[in-house]
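One structure below.
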Amino acid sequence: MVLLSENASEGSNCTHPPAQVNISKAILLGVILGGLIIFGVLGNILVILSVACHRHLHSVTHYYIVNLAVADLLLTSTVLPFSAIFEILGYWAFGRVFCNIWAAVDVLCCTASIMGLCIISIDRYIGVSYPLRYPTIVTQRRGVRALLCVWALSLVISIGPLFGWRQQAPEDETICQINEEPGYVLFSALGSFYVPLTIILVMYCRVYVVAKRESRGLKSGLKTDKSDSEQVTLRIHRKNVPAEGSGVSSAKNKTHFSVRLLKFSREKKAAKTLGIVVGCFVLCWLPFFLVMPIGSFFPNFKPPETVFKIVFWLGYLNSCINPIIYPCSSQEFKKAFQNVLRIQCLRRRQSSKHALGYTLHPPSQAVEGQHRGMVRIPVGSGETFYKISKTDGVREWKFFSSMPQGSARITMPKDQSACTTARVRSKSFLQVCCCVGSSTPRPEENHQVPTIKIHTISLGENGEEV
């Protein structure tokens with residue numbers, strides 16, 4: 001994946017000094033390519049900072065996006081500057097050894113970027129198909145392993161030419177040509193593009209099928225909210241488990257609660273955003289991976305030098321446009337980008353009116369507002385309150401927990417109820433409520449906050465039970 005093809009090097013295998021550079025052409029190319037490189041570097045840095053500075057974006061999916069941005073940042077900062085100089089001067093000015101290293105890093109970064117998109121497509125399929133099981137299927141440990149596999153496979157594909165898997169290099173060190181050895185071209189094209197592309201297309205086709213099927217289910221008469229958060233509802237009735245010294249009234253022997261399945265809207269929006277990323281990736285890289293194998297196996301069908309350069313830089317363009325796609329397609333990234341650009345990163349403190357958080361503690365302490373024994377769980381750690389609706393003066397919130405076992409601990413006296421309470425703070429709304437319906441053992445038995453799936457919480461404006 002080096003800029004100059006063999007077409008461009010034919011007749012150039014000589015040792016005399018290169019021709020004089022055309023100044024006007026060099027300035028024009030320098031401005032265009034330099035602007036593209038700066039835009040790509042700054043844009044990918046912005047993506048990384050947006051995730052790093054916003055804890056609600058600290059999820060495995062967004063870590064995959066950061067990995068994609070890191071690969072693109074490495075490409076735009078370490079490979080593209082030399083590609084631009086190569087294009088402007090018309091010859092390679094850095095020697096044979098650096099040419100080989102530069103070409104290997106080029107393949108490494110491009111392959112890591114493409115495989116990163118492949119991992120993201122698999123992640124989105126799991127998120128849309130298994131939204132409730134997603135936190136247990138896609139864990140941070142598995143995410144790290146997936147990213148390590150991405151970079152390991154990318155390294156394997158990129159280092160072949162460094163160990164001699166390439167055509168014989170020309171004697172003139174001012175020529176740094178693409179590796180057109182047929183075996184390596186086939187291997188790299190399959191591993192770097194066609195296999196990941198097949199996986200990406202299959203995953204997104206399945207995402208589309210699942211999303212379409214679920215949307216039909218929601219429209220077929222199942223109970224839904226009339227708000228933006230249309231959801232499937234499963235109503236469950238069961239008796240309370242009696243507890244010694246429980247402060248809960250014995251009259252409430254039956255608990256009526258709703259377990260709402262997450263609608264696919266958030267997952268579908270993320271899939272849509274990443275679908276646009278994949279679409280742009282195909283448009284940018286497919287021409288190159290069509291031209292390169294054809295030119296390697298059928299030399300008589302090599303495209304003109306100008307066409308090859310355009311196709312090659314079109315592939316580079318993909319690493320520069322991803323930062324444009326995120327804010328245009330995702331409200332989360334749009335707000336995160338704005339915060340970073342306004343230098344508001346990490347300025348959200350607990351006392352801020354924009355803070356969102358909740359505290360788990362025994363019910364008796366919830367009423368008094370005490371802080372002893374409370375467990376502060378930050379937003380972005382996997383536990384989130386979603387505002388469902390506001391009708392007739394009632395605010396309804398959904399509590400979703402993907403808390404890993406042992407991630408938070410709390411000790412409760414034996415005379416306390418197994419009911420866990422949550423204090424919600426969002427702008428001017430501050431209430432104390434009770435989450436019911438957990439089927440896990442009482443907290444005092446294992447000294448852990450129960451792993452709560454999904455609960456709906458209905459409160460009046462003054463916090464009264466609804």
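Here the Cβ of each residue, glycine as well, is placed from N, Cα and C on the backbone.
According to the topological domain annotation in Swiss-Prot, ARG55 and ARG342 sit on the same side of the membrane. The record in Swiss-Prot pairs CYS176 in a disulfide bond with CYS99, which is drawn from CYS99, CYS109, CYS280, CYS284. Motif 'Nuclear localization signal' is the annotation Swiss-Prot gives to one range among 126-141, 318-333, 334-349, 366-381, and that range is 334-349. Cross-referencing ASN13, ASN253 with Swiss-Prot, the residue annotated as N-linked glycosylation site turns out to be ASN13.
Broken down by DSSP into helix, strand and coil, the topological domain 'Extracellular' (298-305) contains 4 helix, 0 strand, 4 coil. By neighbour count, meaning other C-beta atoms within 10 Å, the densest spot among the disulfide-bonded residues CYS99, CYS176 is CYS176.
When each of 28-51, 100-122, 144-167, 182-205, 274-297 is scored by its Cβ pairs under 8 Å to the transmembrane segment (65-88), the top-ranked stretch turns out to be 28-51. Cβ environment of ASN22 (N-linked glycosylation site): no same-chain residue six or more positions apart lies under 8 Å away. When secondary structure is read from DSSP and collapsed to three states, CYS176 (disulfide bond) falls in the coil class.
Remote same-chain residues near the transmembrane segment (182-205) are listed as 107, 110-111, 114-115, 117-118, 121-122, 124-125, 153-154, 156-157, 160-161, 165-166, 271, 275, 278, 282, 285-286, 289, 292-293, 296-297 (criterion: CB distance under 8 Å, separation of at least six residues from the stretch ends). When Cβ-Cβ distances below 8 Å are used as the criterion, the transmembrane segment (274-297) is approached by residues 1, 5-7, 114, 117, 120-121, 124, 178, 180-182, 185-186, 189, 192-194, 197, 200, 204, 207, 303, 307-308, 311-312, 314-315, 317-318, 321-322, 325, 329 of the same chain, each at least six residues removed from its ends.
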